[in-house]
Amino acid sequence: MPSYHNTDKTLLGDARQSLQQAVDYSLGCQQPDGHWVAPVMADATFTAQYVFFKHQIPELSLDEDGPEIQRWLLGEQTADGSWTLAPDLPGNLSTTVEAYLALRILGVPKSDQAMLRARDFVVRNGGVEGVRFFTRFFLATFGLVPWTAIPQMPAELILLPTFMFLNIYVLSSWARSTLIPILLVRHHEPVYALPNGQSANNNFLDELWCNPGEKNIPFALPLWDLLRRYQWIEFAFTLLDHILALFGGLRRWPCRHMALKRCTAWLLEHQEESGDWAGFFPPIHGSIWALLLDGFSFQSEVIRLGMEALERLVVIDPKGKWVQSTVSPCWDTALMANALCDAGMSGDTRLAKATQWLRDRQLMVSHGDWRNYANTQQAGGWSFQYFNSFYPDVDDTAVVIMTLIKEDPNCTNSDCVMNGVEWMLGMQSRDGGWGAFDVNNNARWLHKIPFSDMDSLVDPSTSDVTGRILECLGLLLSQRKSPLSPRWRHRLQASSAKAIAFLAKEQESSGAWWGRWGNNYHYGTANVLRGLAWFAQTDPSAQMMCMRTLSWIDETQNADGGWGETLASYVDKSLAGLGRSTAAHTAWALESLLRFRLPSDQAIERGVRWLIDNQQPNVDGYYYGTKWQAGAGQGASWRFDHAYVGTGFPSVLYLGYPYYHHLFPIQALSRYIDKASRQGIETLRIPSSSAVILDRPNVLLMAMGSRGDIQVFLNVTKRLSSCRVRIATHPAHQAKVEGHGFEFYDVGGSPEVFSAALANGHGILRSIIDGRFRELQHLLRSIYRSFWVAALDDVQSHSPLKPESSSRPFIADVVVSGPSTSVHVHAAERAQAPLVIISTQPAIITGDFQSPLTMSRAQFNPSRLWNRISFHMLAFFDWLSFGPSFNRMRANSYQLRSLDLAWALFEFVKVSVPHVCLWSTSLAPKPEDWDNNVIIAGYSSMSDDADDVASKSLQAFLETRQPVVAISFGSATIEDPMKLIKLMSAALVKVGASSVVCRSWDSSFEAEADLPSNVFLVDSIPHGWLLQHVEGFVHHGGAGHTAAGAKAGVSQLVMPQFLDQFFWATKVSEMGLGPTPLPLRELFLDELAPRMEDLLSSKYTKACTNMALQLRGDVDGADVAGDEILRQVEAITTCCIFPELSAHWYCTESDLSLSGAAAASLVSSKEIQWQDLELRPAKDWEQQWRTVRSSSNLVRIWRAIVQLLYGFTTTILALFGWLKGTHGYLDGDRHLIKMEDPLRQARLEQAQFDLHLIHQACDSGSSTSLDAKIIENWKARKAVVIHEVFDDDSGASESSRSSLDGGHADSVLDIEEK
């Protein structure tokens, strides 16, 4: 064995040495034809059933291999006498009974100490009476259990057509291939001889029974018990089984002969040329057995080939002779080659040999059971085994495709890869996930069938397989050396979106994902994170899922630095992620963390150290293929025999893959070395005076509405001290915005005009229909255009000679907006920036209530259908009014493609934009049909202005006049405010009360002398203070007023006028916080006085007090909103040279991310050219639109209907002159390609500004030195290419390749200031 001398004693140096030894071990295990394979370990049942079979068939004998099998079986017995399903699990009753019977057949006497211990274990655990169905089935074939104790399994099942809800193809592939031979065996009901003779009531195992006199144990509960427990499906299947038993199992039924012939034909059709059936022991063994019972000669070709396939599963090693459940050459080869690609071996001839071996095994065949229900008929998958053409494996196919691309990126568009991708996409289930072998195979009710006590009859979508496919799709979408066509990209993005939605539903409360095919939560979680990592930067929901998971991984790390998990976590969820450390679990956890954290993270370094310290050289021997090689091999690996980390069927069958403990650590070490090597390259720090200006992301806040609306946004922006915030709003709010220290941008318009246009009280839909909304259109169009200008400064007008923050060109990095600012998504899309919507009113489609903007009365509509339609109607009329303007704006100002009405109705609502709702769930809970991107954050705590102090006269009024009611209508427009005040005063006089009126809503009356004596008029007063001194609150139902009243615990009378005021009025009444709402348009003295009396009664006190207590326990919604905005900011990629700066550029050749300053320096130094750089979007909106665009026929029909309706409506409106020139945007589309990209030009100018600013902060010598250091750093980083980018000629990861030889020393270079 070669010696490995490590001169670098750092963790990185040790990791390089460990990786080199692991790679050497891998190459030493490679087969001459290029592939890898290792034995698939499992429990003793397969070996025991192999013994049963050889004992049953006269032509077979156990004389030669019996002693070695006996030695292996006895060696697997545990100290308590049992046999387990896996090394770290307690004994299993069924496995122990089967192993015991096999040993008795092999001649071990029942008086042997090992057998006595086994007997004691079985009896202690309920005896043979408690074994599972398949064990009972095998016992019946020896007369140890009567056949009447076995459920009926009529062969006629195979005759049921595929369109029926029950047929053989609704079963999983493994269940189907195992069940059909069982149908034949069940028909024949054989009874074979045992060493004590042949008998239908054999007492050979009586010592294992608790009550040997009663062996006809029912396989299901009595029918009456099932009825009492409301187990209807179990009842139906059990009743059917009883009926079938009455008719002798239909053995003499006219169709039985046809069914038996079809079973036999099916088996012959599904036998591979090699003799295999599904490459799995149960169908191979069962098919040979069934065909022999059906009359086939043992010397026949089909039986001979089948026996060869069966014997290929046998393994002989130092422990003895045993039988694998299956073989895994394609799986082992794909995973190993994939790992070696990550280790930098792409392009190596040995790896090329492996990938060629994989290409040769692609299943381009015309048969396969998957064809019955798949969404495609294009073949192209890969199987798990050597010979299994009927059941390609989705999981294997994904890994093979990734391996082929990593080894040679030029093959991305090859027929081999594209056929595989086509087949893989066709296997996606309706729920968005993937199963392993079948599509939409989720009929879990089949597990209620009496013979399904292993819960393995279906192959539903699982998180681990879906995560792997998502990883494959992400890799395909990232390719630049051989990029996919737009059509393929669209298909992959749409498929990925469905997969991400599926994974969001499957994530558990801990943040982890259940692992179906590997142990367990660590496996499932690692697979999912490997997939989500490709989409986390552009998909907020994917990012949120990932962030939730990382803390769970931290919490499950063991004290020794590794990770592990017991298989008992499949039974007991409290054990999820817990167990003795193993190499595989540690590697899975590290792979997950390394995709989101720096390699210097403490948890990562401890995990890497565990892998290094637990690596072992091969001294005693190793598996070369499935054969044991004695002596030392080359390299080193990790121990694999102490834990099974693969899963066949949870709680029933677990698998030990030796290479799992080897190849996954290779990937983890490779990723660590790659990231640590990149981190070790010197990083440059810009002068602090420049950093203050440049290291501040630009946040654009678009706001429309009243003073109260703006106050909410101001509360949020106070949490963004690390950002440069620009608030674009009406000129009326300029003083308030600038008074809080934020940049103001004037977009025009007036909240008073908006309020007046909608003050009719009939809702926004009625306003649009009646034409009253028309007067706002021109004003709003102007405002919307101004919002875009606010997002992108005219950079030509900025001079770097003024190094204050406000002089730097403003280009929005994040856009924040309320839902009413309809242009927000267009501006964010053009700026390639993420969007955060902050709302004080429900604006998302739901069936729980209608759109608040369409409500014209204080009452919720019970129709969920109408409620959803109301949101679509609002979107329809909104698009009718502004859609053409938006499209002209998109074409002429934004340089974006036109959109249609179907986009507004069906697509925008599906985009996963973070939507922060600033109200409390105590008042308005989150509807169940809202997605995870919607956050009900809680009310924002309004900060009262310091100059709003109560006067002494007001305080005296409050003390002397009891009870007092506060009255405020915000900034609403009231036609005759004095008349309203006098009306309210009269009502209050009737109930003996006074009022404090806040007149911020109207200043048209001045003379206080005209006011009634029971009215006190104030210009401005903090609601938080005032409401503590009054007994009731009358207001218009604005979100802020409703919140203030609820927080104060005071009863409220709401007088809604328009928009969402009716929604909050209804909520107040619904929650018992005040009287029935009284709309302003229905205000009469006779109605008002009783409401005032009701308001001042004590009937609402308890509900109001409880609500106030609940709200005090809520977090501040402004904090949640601020955190969400900062999360979007933090997600922006950082520059690889100046890590303090955001990277808005990337090099198309190397994918390295660059800040504007670094890019400008490299361009000025002629290292690169601007055409070598592309803008790196902080959010890829084009991908978002393609992802959400549904291709289902139903949605296509709806789109067509909507477009026809829209075309008809716009034509009619055009005839009346409403919409003039509304289709001019089509010319804009034609002109779009010719115009210069304004964003790119702005970023280019900004980059030059930033570099100039940094140069100004340096002295002349440092400025020259800075450019030289940038060039040096750039060249070093080009030699270290990130793992995910495989676009150099060989496809190799240079960082991994170089990591085996050496790396760069860590250093940080500070640029000297003047």
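FYI, residue positions are counted from 1 along the chain as it appears here.
Cβ coordinates come from backbone N, Cα and C, glycine included.
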From 133-153, 973-993, the residue range that Swiss-Prot assigns the feature transmembrane segment: 133-153
List of residues, in chain order, with Cβ under 8 A from that of W517 (site 'Transition state stabilizer') and at least 6 apart: D395, A436, T462, D464, V465, Y523, G646, T647
Distance [Cα-Cα, Å, rounded] between W331 (site 'Transition state stabilizer') and F384 (site 'Transition state stabilizer'): 5
DSSP-assigned states of the repeat 'PFTB 2' (66-107) in counts, ordered helix, strand, coil: 24 helix, 2 strand, 16 coil
The repeat 'PFTB 1' (19-62) [mean pLDDT, rounded to integer]: 95
Three-state composition of the repeat 'PFTB 3' (260-300), taking helix and strand from DSSP: 23 helix, 1 strand, 17 coil
Within the repeat 'PFTB 1' (19-62), residues counted as helix, strand or coil by DSSP: 23 helix, 1 strand, 20 coil
Cβ contacts of F384 (site 'Transition state stabilizer') (under 8 Å, same chain, 6 or more positions away): G279, T326, S328, C330, W331, D393, D396
For the repeat 'PFTB 4' (417-458), residues assigned helix / strand / coil by DSSP: 15 helix, 2 strand, 25 coil
